[in-house]
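First up is the structure itself, then whatever we jot down about it.
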Amino acid sequence: MAQISESAAIPRRTANHHGNVWDDDLILSLDSPYGAPAYYERVANLIEEMKHLLLREMEDSNHDLIRRLQIVDTLECLGIDRHFQHEIKTAALDYVYRCWNEKGIGMGSSDSGSKDLDATALGLRALRLHRYNVSSGVLENFKDENGKFFCNLTGDKRVRSMLSLLRASEISFPGEKVMQEAKAFTREYLTQVLAGRGDVTDVDQSLLREVKYALEFPWHWSVPRWEARSFIEIYGQNHSWLKSNINQKVLELAKLDFNILQCIHQKEIQFIVRWWRESEIAQLNFYRKRHVEFYFWVVICIFEPEFSQSRIAFAKICTVATVLDDLYDTHGMLDELKTVTEGVSRWDLPLIDDLPDNIKIAFQFFFNTANELAVEVVKKQGRDMIALLKANWQRYVESYLQEAEWIATRHVPSFDEYIKNARASSGMCIGNLIPLLLLGQLLANNIVEQIHSPSKIQELSELTIRLIDDIRDFEDEKERGEIASAIECYMKDNPDSTVENALNHLEGILHLSLEELNWEFIKQDTVPLCCKKFTFNIVRGLQFVYKYGDGLSISNKEVKDQIFKILIDQVPIEE
């Protein structure tokens, strides 16, 4: 690499990011009625009623296996499964697992000789997600002599079976060829059905909407809150496998639960808005204002009331990280950035006294927020973890300085060199660690080692976050004058490759990494599930907000509408 002199500087560039698309006063004016005790009482009563009704529904059927799986799937899609975890495990999944074998299952426990694709696919998906040991090899039983998947059913039942198979195929681990085959087959089949060119016509409209959702938002692109809002709108009173009185109660609970959670989330985003407005950084136009979008990213993934502190911490960290990103990418001279990096390394605020005011304000914003969050972590965990937090902030800003030096020297590193640095600059080293420590679990040192770098799940989350950003934001970053990206570095290592070749290569790495992440998330170990779920869902959340491009930097389009649906627009409830 070329030698960089102390006087070398990055020209002060302009990123031309759009301003805050949200009126903070509008956010602060939100006042949902769903915090009232009467709504909580109604939800509690509905939960108790439904526990008895659903247990009876599971048992009162010749198709007791698929009925149990349909109930579990419905509760999960509507976002209310957390109220029925005991019933889901003991009455549904334990029961299904006892009937499971290498050839699959039928619709009922009495159908020992008849295997059903819909029931088997639903079971494979649900059992895997709940950490039962089931093999994808069971799907080989649903291939014909030519190795093609088949389904003997017709009409809506055929479409439903293909949809269940698609959703099961997404919960794949590395090397599972049958899952890749199932995914390719069902996506093609359902795409044809949705276009009206399939072998089934006059498909139920609610079912078609489910198909559309599954094709538009595969599992790694879907998130719990968006799925719940979407399925509340899809879910009708015509779910023939549930009695009408249960249908009504399921839908009422889903709507009330969504609105009550939305009320809680509105109070949290109001807290974030006030925190932002009270900081000096809010008065500067140098930096992106995306505090609402960052809160949205985390709340669509981790929505339960008990994780409020982690959500707020994540939104704060991302807001600070974006200020640092803009500083290192756009506004800072190289000598200034070296001073900032040294200030973080030494945790020394006076060190930056001679820097321009906009940089001092940014550093003060970082310094205050990092210290406040460190105090919260120490209180929650009951021991001093300051050194660990400082080390990860240092790793983060040093990766930014490395990128700034590449820009200053017009240096494009090798792909491996870039990825090594990019893992740190993804921000997951700090954006994941602090919220995990605030989830409410006391985490022993050996557990922290299993969830934090260089653990496998942490390394995979860092890699996937960086690849998602580079793949979706490549053109915009190039226009802003950034030299090194995964695509540029791959093309340097492979001079004959095109941008399309590079993108295909990165998509392949991303796909494999997501399958590995599936395994790390689902495998049995000593790490608390809430910790693995947070890490895993944050990756899914970024896929979601980046689906149509960089939805965090360019948030005035699809993401703005999604934020409105999740945080502002109540689900209508008929009185």
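Just so you know, glycine gets a Cβ as well, placed from its N, Cα and C.
According to Swiss-Prot, the protein carries these features:
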BINDING   Arg288, Asp325, Asp329, Arg466, Asp469  (2E,6E)-farnesyl diphosphate binding site
BINDING   Asp325, Asp329  Mg(2+) 2 binding site
BINDING   Asp325, Asp329  Mg(2+) 1 binding site
BINDING   Asp469, Glu477  Mg(2+) 3 binding site
MOTIF     325-329  motif 'DDXXD motif'
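Overlay of Swiss-Prot annotations on the structure.
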residue: Arg288; record: (2E,6E)-farnesyl diphosphate binding site; CB count, 10 Å: 21
residue: Asp325; record: (2E,6E)-farnesyl diphosphate binding site; CB count, 10 Å: 19
residue: Asp329; record: (2E,6E)-farnesyl diphosphate binding site; CB count, 10 Å: 20
residue: Arg466; record: (2E,6E)-farnesyl diphosphate binding site; CB count, 10 Å: 24
residue: Asp469; record: (2E,6E)-farnesyl diphosphate binding site; CB count, 10 Å: 22
residue: Glu477; record: Mg(2+) 3 binding site; CB count, 10 Å: 20
Determine the mean pLDDT over the motif 'DDXXD motif' (325-329), rounding to the nearest whole number.
93
For the motif 'DDXXD motif' (325-329), residues assigned helix / strand / coil by DSSP:
5 helix, 0 strand, 0 coil
Could you tell me the C-alpha distance between Asp325 ((2E,6E)-farnesyl diphosphate binding site) and Glu477 (Mg(2+) 3 binding site) in angstrom, no decimals?
12
Return one of helix, strand or coil for Arg288 ((2E,6E)-farnesyl diphosphate binding site), based on DSSP.
coil
Can you grab the distance from Asp329 ((2E,6E)-farnesyl diphosphate binding site) over to Glu477 (Mg(2+) 3 binding site)? Cα atoms, rounded to a whole Å.
10
